[in-house]
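Taken from Swiss-Prot, the feature signal peptide covers 1-25, and the record attributes it to sequence analysis. Annotation comment: Swiss-Prot describes 36-152 as domain 'Plastocyanin-like 1'. Taken from Swiss-Prot, the feature N-linked glycosylation site applies to N41, N82, N118, N191, N302, N331, N379, N389, N424, N437, N447. Marked as domain 'Plastocyanin-like 3' by Swiss-Prot: 414-548. Marked as Cu cation 4 binding site by Swiss-Prot: H465, C528, H533.
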Amino acid sequence: MAVLPESRRLSLLLMAACFLLQALSAHAITRHYKFNVVMRNMTRLCSTKPILTVNGKFPGPTLYAREGDNVLVKVVNHVAHNVTIHWHGVRQIRTGWYDGPAYITQCPIQPGSSFLYNFTITGQRGTLLWHAHINWLRATVHGAIVILPKLGVPYPFPAPHKEAVIVLGEWWKEDTETVINQAMQLGVGPNISDSHTINGHPGPLSECASSQDGFKLSVENGKTYMLRIINAALNDDLFFKVAGHELTVVEVDAVYTKPFKTDTLLITPGQTTNVLVRANQGAGRYLLSVSPFMDAPVQVDNKTGTATLHYANTVSSSMASLTLVKPPPQNATHIVSKFTDSLHSLNSKEYPANVPQTVDHSLLLTVGVGVNPCPSCINGTRVVGTINNVTFIMPSTPILQAHYYNIPGVFTEDFPATPLHKFNYTGSGPKNLQTMNGTRVYRLPYNASVQVVLQDTGIISPESHPIHLHGFNFFVVGKGVGNYNPRTSPSTFNLIDPIERNTIGVPTGGWTAIRFRSDNPGVWFMHCHFEVHTSWGLKMAFVVDNGKRPSETLIPPPKDLPQC
């Protein structure tokens, strides 16, 4: 066997070290962002108002990273409101201090102050979102998170020609903080929004708009495009369509799916969906539409937000060249069921669906809204949100700090695992089941297998609820209409390739079962992502204990953690 000269061996070692450093740097980049929270005047629907923004943009800037990257975001508060930012769907493994919900994991960033969010993107790739997580500020303080695969790792589907971020939202002519504050004072529901938006604009068919207004997506015939679609609306489940074009779903909530074709998407607040669109139509402009889904007797904004898909070499700019789209009926439950039934995890060798097959902790949580007595309210009652008949009261000290430092009197660990009052949840149950108030949490040991059945209730009216769990992804193993039956319902569960996500819509008058593993120590918020329901108290939190190893332990709090 020939022996390499010393200089040749040193050269090879140096080359190997360089390649190793390149590989490590490719997977361990630190990305720096600065978010300045500032007021800006914005004109929509014939009127102008000041809104909170990040860096003066609405929606805010897109945060780009790759799987494995460390992300540093300095948030500077230049406005008169307290602010926090939540990185919706980012797992925050052991870094719960940076999760963002006010008074759950941190005190707000006060006017004139700043906070450096510091987290790593671990085992995730796809589309998520960031948004303010205090009061109703996320109405305008929100934006996209685009997590690209590691360098050299392809998508598990044909690579698109280009990608585009599509942020769906709502617009109020009034100040949104005034809207919810007045509603809370009176004890009633808030005013609905005045329009739906696509990338911040109601679109070319809205009040005071011209045919050229709104977001425009330019395409070339024969090319395939990936749309990263985010529902950043406060209170509405939304349908999304593109006139004359089929959509191929390839990912939801930053998890790859088995691809399937559809002409209509259903996206609840907080959810994301990536679709491929083939530009296979003739020259012209084609309408994109966003419209509400509500299959309960609840008032929602029925305005359709629009944008245009514009083919290259389209000569005419008049409305005559615009292909319109017909939104689904507002109560199109059959379209929603077909869409959600089509969602399955990819469950490939590279992207397995690690569904817990056994259950250590089983919870049945009823979710809904009810009424409590309120002598000062306009009707003598106050609308409240509940989980297991508990209306959550926000503390003045963050629960994570109280947990970490063993501060007494901030929360109690007696959140009920099953309903305290059992009744026909989706039938003719009690119409005035007074709730209990409390800052109650449910404690979980590290790495337990957890099943949560989310059961809608009809105390006022059955209604869908988009439930978001911080700190974890979960598998949606089952759903059904009516009341969950612990004896028969589990036989319908999908434990092979259920969809994995961080936000799930509990169907109107039905139930959804999710499973996850409590492998992330800290305090993790779970709440309805209809902001009005969260304001009313439809929320709770899990406290997850540390594991035995340092890698299973919550990191210490940062030195610049905001103080209350």
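Placed from the backbone N, Cα and C atoms, the Cβ positions cover glycine too.
You'll find the Cα of N331 (N-linked glycosylation site) roughly 15 Å from the Cα of H465 (Cu cation 4 binding site).
You'll find the Cα of N437 (N-linked glycosylation site) roughly 20 Å from the Cα of N379 (N-linked glycosylation site). Secondary structure counts, DSSP: the domain 'Plastocyanin-like 3' (414-548) has 10 helix, 56 strand, 69 coil. The DSSP breakdown of the domain 'Plastocyanin-like 1' (36-152) into helical (H, G, I), extended (E, B) and coil residues amounts to 6 helix, 59 strand, 52 coil.
It is N41, among the glycosylation sites N41, N82, N118, N302, N447, whose Cβ has the fewest other Cβ atoms within 10 Å in the structure shown. Taken together, the residues of the domain 'Plastocyanin-like 3' (414-548) have an average pLDDT of 96. Of all Cβ atoms in the protein chains displayed, 18 besides its own lie within 10 Å of the Cβ of N389 (N-linked glycosylation site). Taking the Cα atom of each, N424 (N-linked glycosylation site) and H533 (Cu cation 4 binding site) are about 22 angstrom apart. The closest partner of N41 (N-linked glycosylation site) among the glycosylation sites, by CA position, is N302; the full candidate set was N118, N302, N379, N389. Across the fold, the C-alpha of N379 (N-linked glycosylation site) and the C-alpha of C528 (Cu cation 4 binding site) stand 25 Å from each other.
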